[in-house]
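S.K.: Sharing the record's features from TrEMBL:
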ACT_SITE  HIS214  active site, tele-phosphohistidine intermediate
ACT_SITE  CYS511  active site, proton donor
BINDING   ARG316, ARG352, ASN463, ASP464, ARG474  phosphoenolpyruvate binding site
BINDING   GLU440, ASP464  Mg(2+) binding site
DOMAIN    33-151  domain 'Phosphotransferase system enzyme I N-terminal'
DOMAIN    180-249  domain 'PEP-utilising enzyme mobile'
DOMAIN    280-548  domain 'PEP-utilising enzyme C-terminal'
Amino acid sequence: MCGFTLVSVDLSMLFCNLDHMSTSSTTAQVLSGVPVVAGVAYAPVIRPGARPPAPPADDTEINEADRPAEVARMKDAAAAVADRLRERAAHATGVASEVLATTAALAQDRAWLGDAEKRIRAGNSAEQAVSGAIAKIADALARAGDLMAERVTDLRDVRDRVLAQLAGLPEPGVPVPDVPSVLCAEDLAPADTAGLDPALVVALATTLGGPTSHTAIIARQLGIPCVVAVDGLDAVPAGVPVMVDGGRGTVTVSPDATSAARTVEESRRDAHRIAQWTGPGRTADGHPVAVLANVQDGAAARTARQTPAEGVGLFRTEMCFLNRDTEPSVDEQARIYGEVLTAFQGAKVVIRTLDAGSDKPLKFAGHRDEANPALGVRGVRISFGNPGLLSRQLEAIAAAGQATGTDPWVMAPMIATADEAKTFAAQARSYGLTPGVMIEVPAAALLARHILEHVDFLSIGTNDLAQYTMAADRMSSELATLTDPWQPGVLALVEMTARAGAAAGKPVGVCGEAAADPLLACVLVGMGVTSLSAAATAVPGVGAALAAVTLERCRAAAQAVVQTASAADARSAALAALG
Ligand code: PEP
Ligand code: MG
């Protein structure tokens, strides 16, 4: 019933059970998007400064004698932009500083600067040359897709900064507000979001962007509510008060001020309750559910150890080697894996074998060019043509287990058939390891009971399961509503997998982003999922949500959700069942 994106608050009260929303204002509108960071904020909108206009295509040709000076003007502008970004990087910390430094480096990137110089020497103005050179590279990146395409926003941001510098205009980007504000934009460039002060920018909302976009990453780091892919957000002008609910994925335009303030206060109390949760994971009536962390290296594991996470449900090993040209030796791999095992000594650690390919290509995995890398030789499929890569990794994992006195579980990504699971399990067992597989391909979910004949556990990767079930690229911001893990088609496959695990008496975890959503986590437990693994920052929220509901309520929510036909209805059904 809540499938439409623009409804009056009173209608949302009636149909969507969003019972905390304002009731007194008939002008308020609720815009729906994809929730990214939970929490509620209420403040006026600010918008990034206008981008400089594109230079006219029929610009007059620069005289040959003036071209060297024009090249110097272009290079000076790029250098000034890079200097300013580096200066901001020096005063920022963490991811913000890295993002600003990376954008500064992009402003000095030889590929586009060289092309722009050539264009000026052929008669273009500096403005035309910058636009043309960056458009050419951005097009190539967009065609390459996946991670490459994500750099397009960064490059266009650099272009606009250089064009503004050339025109003597103020730097485009986010203004520093006088009062706490909600930053709304079509999309936010990394350099816009890096260095934001969370005391002044209290929430983010964008028209584009997906749950893994830069906007989302920065919002998570700042801990401010964030909703992306918000339909209708472009029509909300600066200065209008809005309430952003990052848990529900809504932006309420001009809500009743009193009830908005009350909702913000309730959300603060929630945040306090979450901070008090210390584990272990269990429902209010004591049903145990392991709440685990997703990590990508030893440093992340040590950080996760500071949270109440009971172990590691997903160690993405490929992330350790993204910059490597050659395969790390067994000894080096064993040392790296050992760091994570040591951080969680005595706890459960699930190590995933290399999920190379698609958005995470590894130079040493020998990927061939493919038209559709997400549907190509990725994950466990790499080992079909290169079995040594997998066996050396299993050897390293076994060695790390021995060196640390631990018993790591190991799982393969992108399993599609029971035969693949059987082959992987036999190999893992030959190294004394406990084998499992990820359920990310719909065929694997449908045949989970056969796969369970060979392995000791399953772990559902809802990010890829949503991508493949909905036939929608998980990196596409335009398709973010399709790759929402609340899509009932995706949840039906999760339920089927959990049921197969219960019938076989074997554990079934969820380690995709779905496990980081406290409301959905309760539904997953109601479906029979036995563990939840999420980003370390999401662990307390998930644990606290489970602690507040009984298993019976979770089961009722799961039953209600599987009856629905849309992601919005699934959320509403869960809210109604869980209260
Ligand atoms: C998933 O697909 O849900 C998953 C956890 O794997 P990754 O996000 O690393 O592809
Ligand atoms: Mg995956």
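Including glycine, each Cβ sits where the backbone N, Cα and C put it.
Give me the structural setting of these features: burial, nearby parts and distances.
M.R.: Within the same chain, residues at least 6 positions away in sequence whose Cβ sits under 8 Å from that of CYS511 (active site, proton donor) are LEU292, ASN294, GLY313, LEU314, VAL350, MET438, SER459, ILE460, GLY461, SER533, ALA534.
Around ARG352 (phosphoenolpyruvate binding site), the C-beta neighbours below 8 angstroms that are at least 6 residues distant in the chain are LEU314, PHE315, ARG316, THR317, VAL410, MET411, ALA412, PRO413, MET438. Look at ARG352 (phosphoenolpyruvate binding site): DSSP puts it in a strand.
All protein chains considered, the CB of ASP464 (phosphoenolpyruvate binding site) has 24 other CB atoms within 10 Å.
Averaged across the domain 'Phosphotransferase system enzyme I N-terminal' (33-151), pLDDT in this predicted model comes to 87.
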S.K.: Considering only the recorded positions ARG352, GLU440, ASP464, ARG474, CYS511, which possess a Cβ situated under 6 angstroms from at least one atom of ligand 1?
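M.R.: GLU440, ASP464, CYS511, by Cβ distance under 6 Å.
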S.K.: Work out how many Å separate ASP464 (phosphoenolpyruvate binding site) and GLU440 (Mg(2+) binding site) at their Cα atoms, rounded off.
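M.R.: Spelling it out, the Cα of ASP464 (phosphoenolpyruvate binding site) and the Cα of GLU440 (Mg(2+) binding site) are 5 Å apart.
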S.K.: Using DSSP and three states only, what is ARG474 (phosphoenolpyruvate binding site)?
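M.R.: Coil, per DSSP.
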S.K.: What is the Cβ neighbour count of ASN463 (phosphoenolpyruvate binding site) at a 10 Å cut-off, with all protein chains included?
M.R.: 18
S.K.: CB neighbours of GLU440 (Mg(2+) binding site) within 10 A?
M.R.: 26
S.K.: Less than 6 Å between Cβ and the nearest atom of ligand 2 is the rule; apply it to the recorded positions ARG352, ASN463, ASP464, CYS511.
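M.R.: Going through ARG352, ASN463, ASP464, CYS511 in sequence order, those close to ligand 2 turn out to be ASN463, ASP464.
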